[in-house]
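K.L.:
This is the structure, below, for whatever I ask next.
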Amino acid sequence: DITVIAVYFVFLSGVVVMSMCRKNRESVQGYFLAGRNMLWIPIGASMFASNIGSEHFIGLAGSGAASGIAVVAFEWGAVLLLLLLGWVFLPIYLKSGVYTMPEYLGRRFGGNRMRTYLSLVALMLYILSKISVDIYAGAVFIQQALGINLYLSVIPLLVITAIYTIAGGLAAVVFTDTLQTVIMLIGSIILTVLAFIKVGGLPELYYKYFDAVPEAVRNGTINNTCGLPREDAFHIFRDPVNSDLPWPGIIIRSTFASLWNWCADQVMVQRALAAKNMANAKAATILTGYLKFLPLFIIIFPGMISRVLYPEQVACADRDTCEQVCGNPAGCSNIAYPTLVLELAPIGLRGLLMAVMVAALMSSLTSIFNSAATVFTMD
């Protein structure tokens, strides 16, 4: 396991060094937009990796374990918005020649107040929501896998991430994201195959999921409906009034909140702004859209399988038991993916999957750091 992780960091270092050797890194355009010379595959992979962080492997798998597949609506809803980005927003952004979204809105509406205000809001959102959530999710996995203190576990990752983000600029971020996307896909697909083999396939998952309850709930020791799977677990669009994820809320949230995330957020748009031309930018959004179909199969289903295989840990329904299992009295669904990795994966593959989680954490953090630096510097 340690050898596999070491090999991953060697490859990562090689990609960073290669990125640092690019000649146009010394200019503002070269550093923040990779010289506007990127092709569609690395851009598309970087957009996907920037979006699929460690919080997906923790939170999305945990949501699948707790309540089923409905959360995939947020992932699949991004496909249409990516096409909207490629065919409506990007032609305007690229023609304007801007570096940042606050810069574009400053030009659009005039004056500096709008530009300054939006840059401050963006930086605050990155720090208080995106960065903190990514770090927490990555720390949860490292704590489960290695038993290291939750806070100390992220320090070396933050140091490594900061070094290659600062040294290489956007080019280093995009190329390392591409490597990390490949690692994430290979590792998670292998784990998904092993998980489905273990549970007996999709039909068996359908039946066994509804029976995946802790022994204390099964024998009536505790009376807690939180330990019971939802009857609509395999429904994406659920009751508009009495469900945990009502379908009108999903549609409204996916449309408006995700519209900002995919079409106006600096983290996503900056990669497309680095495209060599409009054709590469559009192709990148299509590639990212195809990749966004995968989380149901490589993250949510494994989370549900983890509940089936390890209900005493993942589906614990008693505060004291949950506190003992994962340190969170509110529930332990967040450990669904780490538990599956540690219990199901053989030696070697476990190291690869640890590298997957590290890659997910670092790819999101590098993207946020680079985009936040761009906004801070330019606006």
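Cβ coordinates are placed from backbone N, Cα and C, and glycine is handled just like the others.
Small disclaimer: the values here were computed from a predicted structure and weren't measured.
Quick paste of what TrEMBL says about this protein:
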TRANSMEM  6-21  transmembrane segment
TRANSMEM  33-53  transmembrane segment
TRANSMEM  65-94  transmembrane segment
TRANSMEM  115-142  transmembrane segment
TRANSMEM  148-175  transmembrane segment
TRANSMEM  182-201  transmembrane segment
TRANSMEM  245-263  transmembrane segment
TRANSMEM  284-305  transmembrane segment
TRANSMEM  352-376  transmembrane segment
K.L.:
In the same chain, which residue numbers or ranges, 6 or more beyond the ends of the transmembrane segment (284-305), come under 8 angstroms Cβ to Cβ?
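P.N.:
Beyond its ends, the transmembrane segment (284-305) has Cβ neighbours at 40-41, 43-45, 47-48, 51-52, 56-57, 60-65, 68-69, 71-72, 75-76, 78-79, 82-83, 85-86, 90, 181, 185, 188-189, 191-192, 195-196, 198-199, 202, 205, 209, 233, 271-272, 275, 333, 336-337, 340.
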K.L.:
Between the transmembrane segment (245-263) and the stretches 33-53, 65-94, 115-142, 182-201, 352-376, work out which stretch tops the count of Cβ pairs under 8 Å.
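P.N.:
Looking only at 33-53, 65-94, 115-142, 182-201, 352-376, the most contacts with the transmembrane segment (245-263) come from 65-94.
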K.L.:
Applying the under-8 angstroms CB criterion, which one of 65-94, 148-175, 352-376 scores highest with the transmembrane segment (33-53)?
P.N.:
352-376
K.L.:
Can you name the far-off residues of the same chain, 6+ from the ends of the transmembrane segment (182-201), with a Cβ under 8 Å from a Cβ of it?
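P.N.:
Residues packing against the transmembrane segment (182-201) from afar: 8, 45, 49, 52, 57, 208, 294, 297-299, 301-302, 305-306, 308-309, 340-341, 344-345, 349, 352-353, 355-356, 359-360, 363.
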K.L.:
Under 8 Å for C-beta pairs, could you tell me which stretch among 65-94, 115-142, 352-376 has the largest tally with the transmembrane segment (148-175)?
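P.N.:
Per the Cβ under 8 Å count, 352-376.
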